[in-house]
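Listed in Swiss-Prot:
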BINDING   His62, His64, His144, Asp215  Zn(2+) 1 binding site
BINDING   Asp66, His67, Asp215, His273  Zn(2+) 2 binding site
ACT_SITE  Asp66  active site, proton acceptor
Amino acid sequence: MQVTFLGTSSGVPTRARNVSAVALRLPQRSELWLFDCGEGTQHQFLRSDLRLSQLRRVFITHMHGDHVFGLPGLLASLGLSGSSAGVDLYGPDPLDAYLHGVLRTSSTRIGYPLAVHPVRGAAESGRIVFEDDDLQVRATPLHHRVPAYAYRVDQKPRAGRFDVAKARDLNIPPGPVYAALKRGETVTLDDGRRIDGHALCGPPRRGASVVYCTDTVFCEAAVELARGADLLIHESTFSHAEAEMAFQRQHSTSTMAAQTAAEAGVSQLVLTHLSPRYAPGNAVTANDLLAEAQAIFPATVLAKDFLSIDVTPQTDPSCCNSS
């Protein structure tokens with residue numbers, strides 16, 4: 001999996017940072033998932049190497065404008081391209097009314113299947129939000145001024161590595177049968193032998209996991225959702241010195257994000273959703289917030305627009321390669 005940040009500012013865009021949007025690229029299935037869609041997100045797509053035509057799912061954390069104002073336009077542009085097989089959207093209860101209200105009043109026609117799935121019930125009861133053969137998505141309620149949800153994406157365990165040398169020693173002819181054996185299936189060869197694929201594969205390999213957590217003040221629910229994740233993307237709207245304001249506005253400080261990462265035992269933390277007050281040249285900058293977080297959780301990096309991170313299933317804090 002690969003994460004690309006398309007917007008890392010909170011509230012309003014700046015010259016260097018657009019408002020919230022994070023893309024999750026799934027190259028093994030040529031799909032793209034999007035988490036939040038602030039105003040201008042489709043412009044960020046144009047400036048990146050991401051293909052909007054691959055967009056398949058959108059997960060919205062909450063209904064504040066800096067997380068949703070870009071959604072109607074992006075979906076409309078996708079419709080004009082004529083290349084979408086359909087998009088599923090997940091988010092708070094008002095998402096459906098908001099989206100279809102904008103599309104209706106602007107006489108915008110979406111020429112592809114569009115389905116909206118409220119996540120409140122699943123998030124509050126611990127049920128799965130989405131699942132297929134390869135991936136699972138869960139959500140949990142956060143502590144914010146409006147209903148908000150964090151999301152976790154888990155790759156399911158993959159079959160162990162296939163021992164080609166052992167297969168050759170058993171005189172198993174290469175070809176389609178290898179694919180079945182790699183999946184752990186039992187196959188019958190032309191000579192009548194039955195071969196159990198599990199006997200030719202190593203132990204199952206753990207899949208990667210990504211958690212997207214915004215907007216919220218520190219809460220235990222976020223810790224539980226993020227437990228053991230390879231990558232935690234967490235809002236860091238304020239510095240530690242502004243903790244009182246963070247509590248009032250139900251946002252996180254850099255140290256709250258780091259505390260969540262430390263308690264959850266994640267491999268790497270990325271700070272995002274940064275207040276414009278920390279722009280370069282100000283008394284306190286985003287690099288100061290990074291230093292505050294690293295004092296608690298050293299494996300922390302600072303998000304910037306178009307930063308890409310390859311997420312691999314490891315416990316080593318250096319597991320995630322960024323570019």
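Every residue gets a Cβ built from N, Cα and C, even glycine.
Keep in mind that this is a model prediction, so the values were computed, not measured.
With the fewest other Cβ atoms inside 10 Å of its Cβ, the least crowded of the binding-site residues Asp66, Asp215 in this structure is Asp66. Cβ neighbour counts within 10 Å, taken over all protein chains shown, single out His67 as the most crowded of the binding-site residues His64, His67, His144. A Cα-Cα distance of 10 Å separates His67 (Zn(2+) 2 binding site) from Asp215 (Zn(2+) 1 binding site). Counting other Cβ atoms within 10 Å of each Cβ, the lowest count among the binding-site residues His62, His273 belongs to His62. Look at His62 (Zn(2+) 1 binding site): DSSP puts it in coil.
Each residue in Ser10, Gly11, Val19, Ser20, Asp36, Gly38, Thr61, His62, His64, Thr214, Glu235 lies on the same chain as Asp66, His67, Asp215, His273 and has a C-beta within 8 Å of the C-beta centroid of that Zn(2+) 2 site, without being one of the site residues. Reduced to three states, the DSSP call for His67 (Zn(2+) 2 binding site) is helix.
Proximity to His273 (Zn(2+) 2 binding site), judged by a C-alpha distance within 10 Å, picks out Asp215 from the binding-site residues His62, His144, Asp215. In the three-state DSSP classification, His144 (Zn(2+) 1 binding site) falls within coil.
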